[in-house]
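In what follows, a single structure is set out as structure tokens and then discussed.
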Amino acid sequence: MQKKDIGLGILIIVVGAIVYMRNPLFLSPINLGNTANLIGLFGLFAIGQGFVIMTGGIDLSVGSVIALLGVLFVDMVGKFGVPWPLAVAIIIGLGVLIGLAHGILITRFRLQPFVVTLCGLLIYRGIARGYTAESTAGFPFGSSYPQLEWLTIGRSFGVPHSFVAMLIVAAVMWVVLHHTVFGRHLCAVGKNEEAARFSGINTRFVTVMAYVICAVLASIAAIYFAMFTKSVQPSSHGNFYELYAIAAAVLGGCSLRGGEGSVIGIVLGAVLLQELQNLVNLLGIPSSLNFAVMGAVILLGVLADQQFAAYRTRKNTERALGLLQKP
Amino acid sequence: MDQQIWGVFMNVLELKNISKRYGAIQALDSVSLAIAPGEVVGLMGDNGAGKSTLVKVIAGNFAPTSGDILISDKKVAFNKPLDAQKAGIEVVYQDLAICNNLSAASNVFLGREPTRRIGPIKVVDYAFMRSKSAELFARLKSETRPRDLVHKMSGGQRQAVAIARTLLSDAKIVLMDEPTAAISVRQVAEVLNLIRQLSDQGIAVVLISHRMPDVFEVADKVVVLRRGELVADKKASQSSPEEITGLITGAIEHA
Ligand SMILES: Nc1ncnc2c1ncn2[C@@H]1O[C@H](COP(=O)(O)OP(=O)(O)OP(=O)(O)O)[C@@H](O)[C@H]1O
Ligand SMILES: [Mg+2]
């Protein structure tokens, strides 16, 4: 665990304590369960975004991917009677294709990640709206899919399965990032692409894989969101979600300059964001101020972190200079 | 017969009439040079003389316009840096080949991480990386610690990391493009020591530098490029900083 993660953990506890003191409902089982569900849903794709950010890139298309794949999933299962395991496989397959497309445009054709995924944001949203002719996609009345529902919106001992899924994904991605060769190469490519290339790393492959991971996790999140909301409104479903993901990753210590980040940090970032949402609701702050509160807290967090890092560097330099002057 | 075989391995690297053109610019003009195992060659020349170009040709960054490269007397053609690496040529760039956000050990092994199996997955073997790089740093007599992050290190320690990489791959020849350009006096001494360690282990070193004292401190041989032409190839002990300066500027035509 990194120092940053511990700082973020403390912040989460402090904010939680303040909210609890003002409104004890914060720790009620119902509220905790609902919040955990949202943390699971948002954490799933925030982790993917974090991987892309670690390569020094960004994926702005996440929200639109969640809308488009959500619409397709609901239609496949609800309208066309595709067996749900097959539908899940198709959706994840589409996620792979979307990620490959982003990655190849960025590495082979040397387009900027911002531009590629901004176009993705517009295209996928547009397709979702065009395909449904702006009408909401939903499951037929009275239909039910017990296993699928158990996996997505079910709970065990009060713990929502979306949260469990996020924890499993986080554990896997933690191993990938910190204990596999790919993870090492991801950090190297993000920090110094040229050095990585000179060291014989296939930097294109590493970058493409980061976008594939991001899109695949977004596609899994799309299924969870579709099951959670039961219907998908193509023009508003998933709006701004890419920004939640970026916010969680940045709060969690990912640098937009690449090369830095931790899975634990991203998960804690997602926790803090949902805690802030909760704070707005429970403290009776008008929910229209929702975004303003979130933006202000992220800004303060990043500012404090940066000032603290600068302070540490200054201290270290002073100490080094002191050592040099002694003899 | 025996003698012939010995002759074969006299030169770890030989360049024959290497030329390189960039459009109208003749960056290298029929350069010939031979380097023996463990030899330290100081490569000097004014700005734009073609030193970096020569290094890039040897390192496989691009092919020469004409001329031959021989490794242990066998003709080679490098299409990409990896080819040169496989032939035992390593390049140490001032800052380029190092990732600041990783530890010293991770950098030494970057691109060739050792792994071990845990069930179905292969995980990076950090313990081996640390012990092996500690061993390499010890061989280089450097105080660099494997766990330290590179961005907290001195320039000399960074060089140690970059040079440890070359030991890992059993390099025959290490090219260093201005390793002492941006570091303090004490760190320069550290880098020069590293070069001596490499040479002691039979690895040839080509040191590009503008700093005359550094070159004369470690080099067995000094070669001078002027406008793409090789104008001197002398034993350091038979030359002097004054002569080399004259050769670089053109005050002395040839040596
Ligand atoms: N990629 C390139 N395209 C065109 N011309 C180039 C290129 N690289 C180098 N040159 C030219 O080739 C000549 C030799 O350059 P080189 O970089 O080898 O010099 P150098 O001896 O390393 O100089 P310095 O001491 O400044 O590093 C110069 O005239 C330079 O402008
Ligand atoms: Mg140069």
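Glycine is treated like the rest: Cβ placed from N, Cα and C.
Automated prediction, rather than curation, is the source of TrEMBL annotations.
Now, the feature entries from TrEMBL:
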type     : residues  : note
TRANSMEM : A:6-23    : transmembrane segment
TRANSMEM : A:35-54   : transmembrane segment
TRANSMEM : A:60-77   : transmembrane segment
TRANSMEM : A:84-105  : transmembrane segment
TRANSMEM : A:111-128 : transmembrane segment
TRANSMEM : A:157-177 : transmembrane segment
TRANSMEM : A:208-228 : transmembrane segment
TRANSMEM : A:279-304 : transmembrane segment
Most Cβ pairs under 8 Å with the transmembrane segment (A:157-177), selected from A:35-54, A:60-77, A:84-105, A:208-228, A:279-304: A:35-54
Distal contacts, the transmembrane segment (A:6-23) - CB-CB under 8 A, six or more residues away: 251-253, 265, 268-269, 271-272, 275-276, 278-279, 282-283, 301, 305
Chain residues outside the transmembrane segment (A:35-54) and at least six past its termini with a C-beta under 8 angstroms from it: 62, 66, 113, 159-167, 169-170, 173, 177, 186-187, 190, 210-211, 213-218, 220-221, 224-225, 228, 241-242, 244-246, 248-250, 252, 254-256, 258-261, 263, 265-267, 269-271, 273-275, 277-278
